[in-house]
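According to Swiss-Prot:
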- 11-31: transmembrane segment (TRANSMEM)
- 81-101: transmembrane segment (TRANSMEM)
- 114-134: transmembrane segment (TRANSMEM)
- 154-174: transmembrane segment (TRANSMEM)
- 186-206: transmembrane segment (TRANSMEM)
- 237-257: transmembrane segment (TRANSMEM)
- 265-285: transmembrane segment (TRANSMEM)
- 304-324: transmembrane segment (TRANSMEM)
């Protein structure tokens, strides 16, 4: 096996890591849809899905079979190519962000020195899926949802990036592994508490989750940008939303809660437990908060979150300069 050089071995290991992380993230995103329905039932003092399988354990399989056999319909008035490519972008964009998230000290697909910038790039790419879906459907409700999504994403991605800069300044690196290692003695949640708050809010908005689900507000836009989608195309949008939740939860853990670090248990177990906690917080937020008006969402971002992020960044810079003297 002379062809099995160290370079080839490294490539094969990287591909193996990518496949494993892909399968785990997609599986977690799919199971979260069932877990959300059960937890919402618990929070609202009612039964969740409990008919298919033992205590509803096979509900996810039933939903997948139902969605697989639904008619994959494309409207005659739609732009077929863009209409088809939009759910693929929605599914794959935030999934790419897990390539840079270190699950443990040795398990990361791409240990990029510009990892933070890569995440901001794929987060910005996700909005194109919504824009393509809304525009190509040639439906007024879809188009309104796409316009809302573009305005909301542009607004909230401003302080999504600014909220990370305090962490980057403290760690001295854009590399996520270096950021985790810099939290060996103290997690960033303590010195960067306001950065965590604004990043979490922006993360919910980027995922278009309640209460920032303005692009698909059912009561106003009849499900918004994916109103014309059915079958597996709708399934890609549906699972892609939950993959975004997993990705944002993993990044919150990596940036502010020490990543894989923790006592006694293996590192990947700690990462999974922390990420699962924040995935549950997404569900709790949906069960607890009402949906505000669209103008209130935009005003909250520009008038409250952005100034708070800038103040946090200025204070962080002042503390770093003071300690350097």
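Including glycine, each Cβ sits where the backbone N, Cα and C put it.
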Which residues of the same chain, at least 6 past either end of the transmembrane segment (265-285), have a Cβ under 8 Å from a Cβ in it?
28, 32, 35-36, 39-40, 43, 103-105, 107, 204, 207, 209-211, 245-246, 248-250, 252-253, 257-259
So if I exclude everything within five residues of the ends of the transmembrane segment (237-257), which remaining residues of that chain have a CB under 8 angstroms from its CBs? That is, six or more out.
25-26, 28-30, 32-33, 36, 67, 87, 90-95, 97-98, 101-102, 119, 126, 129, 133, 164, 167, 176, 179-180, 187-189, 192, 195-196, 199-200, 203-204, 206-209, 226, 229, 271, 274-276, 278-279, 282
List, by number or range, the same-chain residues at least 6 past the transmembrane segment (186-206) whose CB is under 8 A from its CB atoms?
123, 126, 152-153, 156-157, 159-160, 162-164, 166-167, 170, 179, 212, 244, 248, 251-252, 255-258, 282, 285, 297, 301, 305, 308-309, 311-313, 316, 319
